[in-house]
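Student: What follows is a structure written as C-alpha cells; I'll ask about it next.
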Amino acid sequence: MLAILIIAFMASTSLSAEVSYLTSIQGWGYYKVRVSGLMTQANIQAACVAEGMMFPCMRANLDCGGGQQWTADCPALPDNGTDPGVCRVQVLMAESACGIPEPWMCPPLDDTFIYIPGYSASEACGIDVDGPTWCVDGDVVSDLYATCVKEHVNECLNSPCNNGGACADIPDGYLCICQAGWTGQNCQTEVDECASNPCQNGATCTDGLNGYICTCAPSWIGDHCENKQPVEDLLHDSKCYRLSSDSANHADAQTRCTAIGGRLAVVKDAGVQAFLANEFRQGAGVSHWIGLKSTNITFQHIDQSPLAGYTNWKPDEPAELCVLMDKDGGYKWKVEFCDSVHNYVCESDETTCRLNVCQNGGNCTACFNEDFVHCDCAPGFEGERCEIDVDECESSPCQFGGTCKDGIDSYICTCLPGYTGDECQTDIDLCNPNPCPFGWACVDTGPSLNCNAFGRDHGHVRAAVPHSCTKASCPVGMTCTEAGPGSYSCTVG
C-alpha cells in the first residue's frame with residue numbers, strides 16, 4: 001500500500017508569548033512586543049532591547065528628503081513620508097502589511113507605538129485603528145505594544161530540510177515541506193505506516209518508505225486482508241479438499257492447512273489422484289504440494305561404504321525432498337526441494353455438524369473446523385440450507401389441461417372430464433357407457449360429446465325427439481348445450 005503525504009513543519013527562533021510578527025520590509029522583520037507600563041519612549045526602547053531587537057525610528061526635526069534619515073541603530077529604509085521632518089515608518093509597514101498607505105486603517109498595526117529619536121517629549125507615537133487616530137499620545141495609555149525590528153535571516157540557505165524536503169523561508173524561521181513518507185521538523189523521521197495497524201484479521205504489517213505491505217493470515221485476502229478468501233470446497237469419498245489460491249513452501253503449506261483444521265492432502269489411491277488432477281485442470285492449472293515427503297535421507301560412498309564421520313555440507317544441506325502434483329507432467333507426482341514455492345491442496349475429514357443448520361430434514365456435514373458446511377437435502381427440497389421446497393409442478397406434468405397441485409416431493413393432477421391417469425395422459429371413451437337418453441346416438445368428439453335423437457325404426461327414419469337440457473343430461477363436469485330438436489352437446493366447463 002502506498003500513502004501520498006505532504007507534511008510541513010515550521011522551525012523558528014524562540015519568541016515569548018508577548019511577541020507577534022507584523023511584516024517584513026527589505027530584509028527586516030517587524031514585530032509587536034508587549035510593553036509593561038506607560039507607552040513612553042524609554043519603555044518602547046526597553047521592550048525592544050529585552051527581546052534582542054532594535055527599534056525603527058521616526059525622526060523629528062530633520063529634513064527626511066535629503067538628510068540622514070536613520071540613527072545607527074535603525075534599519076536603513078528610504079523615507080516614505082511627504083511631511084518634511086518626519087520619516088513615517090508606519091506608512092511603510094501599512095503598505096507592506098495591508099497594501100494601503102494609511103496606518104490608522106491597517107488592523108495589524110492597532111495599538112502599536114514607535115520610538116522617535118530626537119523628540120524632546122517622553123511619550124511615544126501610537127496608532128489607534130478604532131479611532132481612527134495616528135500618533136496617539138503614549139503617556140496617557142499603558143500596556144500596549146512597541147514596534148521592534150530585527151534583521152531577517154534566510155534560514156533555508158543552510159538547507160535544513162532532509163530527505164528531499166523543500167524549504168520555504170518564513171518570518172522567524174523556515175518551513176519544511178516533506179516528501180511523502182517522511183515527517184519531523186526537518187523531515188528527518190521516516191513515517192511508520194504500520195503504526196495505525198492498517199492490516200486486519202491477524203495479518204502482519206511490514207513498513208516501507210511511503211507505504212506498507214500486509215502479509216495476510218490464511219484464508220484472508222485484500223490490500224488490508226479485509227476480505228475472506230473465496231474458496232471452493234470439494235467433496236470426495238467422505239473427505240473435503242480445498243485448493244489454495246496462494247503459494248508457499250512445503251512446511252508453510254502444511255502450517256496453513258493445519259490453521260484451517262486440515263492437513264496437506266494425502267493421495268493413496270488412483271481415485272483421489274484422478275479427482276484432484278481433474279479439479280486442478282479446471283482451476284488455476286498450477287502445480288500443488290501434497291502431503292508426501294522424504295525422510296531420513298541417506299548417502300553412501302561409491303565404494304558402498306556408509307557416510308559416517310567426516311562431512312562438509314553447505315548450510316541447510318542435504319535438503320529434504322517433497323512431492324507435488326506437477327502441471328507439466330499431467331499432474332503426476334514430482335519431487336522437488338521442500339523449500340520451493342507452489343500452490344497446495346488441503347484435506348479435511350467430513351464430520352457431522354455440531355449444530356445442524358440444514359432445514360426441512362436435511363443432513364449436515366462439515367469440514368475445516370466447520371468453516372465449510374454441506375447440506376444433503378431430503379427429497380423435495382433444495383438450496384444451500386435446504387430452505388427451498390422444490391415445485392414439482394414447475395415442469396407442467398399434467399396433460400390435456402389437467403390441474404397440478406404441488407406436494408412434498410410429489411404432485412397431484414386433477415384431470416378434465418374425458419381424461420384419466422396420474423398425469424391425465426389417458427383419453428376416456430365418453431360414450432361408454434352411453435350418457436345420452438335411451439335410444440339416442442352418442443358421438444365422442446374428444447373433449448366433448450354429442451347426443452343425437454335421429455335413428456331408424458324398422459327401416460323408417462325416426463322423427464326428432466325434442467330435448468331440454470337438465471343437470472342430468474351430461475356427465476359431471478360437463479355443460480349441456482341444446483343444438484336443436486333431437487340434438488344437444490356436452491362440453492367441458
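Heads up, the Cβ atoms here are built off N, Cα and C, so glycines get one too.
Per TrEMBL, the feature signal peptide maps to 1-16. As annotated by TrEMBL, domain 'EGF-like' applies to 152-188, 190-226, 349-387, 389-425. Taken from TrEMBL, the feature disulfide bond applies to CYS178-CYS187, CYS216-CYS225, CYS358-CYS375, CYS377-CYS386, CYS415-CYS424. If you look up TrEMBL, you'll see 236-347 marked as domain 'C-type lectin'.
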Student: What's the CA to CA span in angstrom from CYS358 (disulfide bond) over to CYS178 (disulfide bond)?
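Tutor: Approximately 59 Å lies between the Cα of CYS358 (disulfide bond) and that of CYS178 (disulfide bond).
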Student: Any idea what DSSP makes of CYS225 (disulfide bond), helix, strand or coil?
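Tutor: Assignment for CYS225 (disulfide bond) reads coil.
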Student: Quick check on the domain 'EGF-like' (389-425): DSSP residue counts for helix, strand, coil, in that order please.
Tutor: 4 helix, 13 strand, 20 coil
Student: Spatially, and counting Cα to Cα, which of the disulfide-bonded residues is closest to CYS178 (disulfide bond)? Options: CYS375, CYS377, CYS415.
Tutor: CYS375
Student: Can you check which residues sit near CYS375 (disulfide bond), meaning Cβ under 8 Å from its Cβ, same chain, 6 or more apart in sequence, and list them in order?
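Tutor: CYS375 (disulfide bond) has long-range Cβ partners VAL357, CYS358, GLY362, ASN363, CYS364, GLU384, ARG385, CYS386.
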Student: Do any residues at least six apart in sequence from CYS415 (disulfide bond), in the same chain, have a Cβ closer than 8 Å to its Cβ, and if so which, in order?
Tutor: CYS398, PHE400, GLY402, GLY421, CYS424
Student: Give me the CA-CA distance between CYS377 (disulfide bond) and CYS225 (disulfide bond), in Å, as a whole number.
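Tutor: If we compare the Cα positions of CYS377 (disulfide bond) and CYS225 (disulfide bond), the gap is 34 Å.
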Student: Distance between CYS225 (disulfide bond) and CYS187 (disulfide bond) at the Cα atoms, whole Å?
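Tutor: Their Cα atoms are separated by 31 Å.
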Student: Could you give the Cα-Cα distance between CYS187 (disulfide bond) and CYS216 (disulfide bond), in whole Å?
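Tutor: The separation of the Cα atoms works out to 31 Å.
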Student: In sequence order, which residues at least six apart in the same chain have a CB under 8 Å from the CB of CYS216 (disulfide bond)?
Tutor: CYS199, ASN201, ALA203, GLY222, CYS225
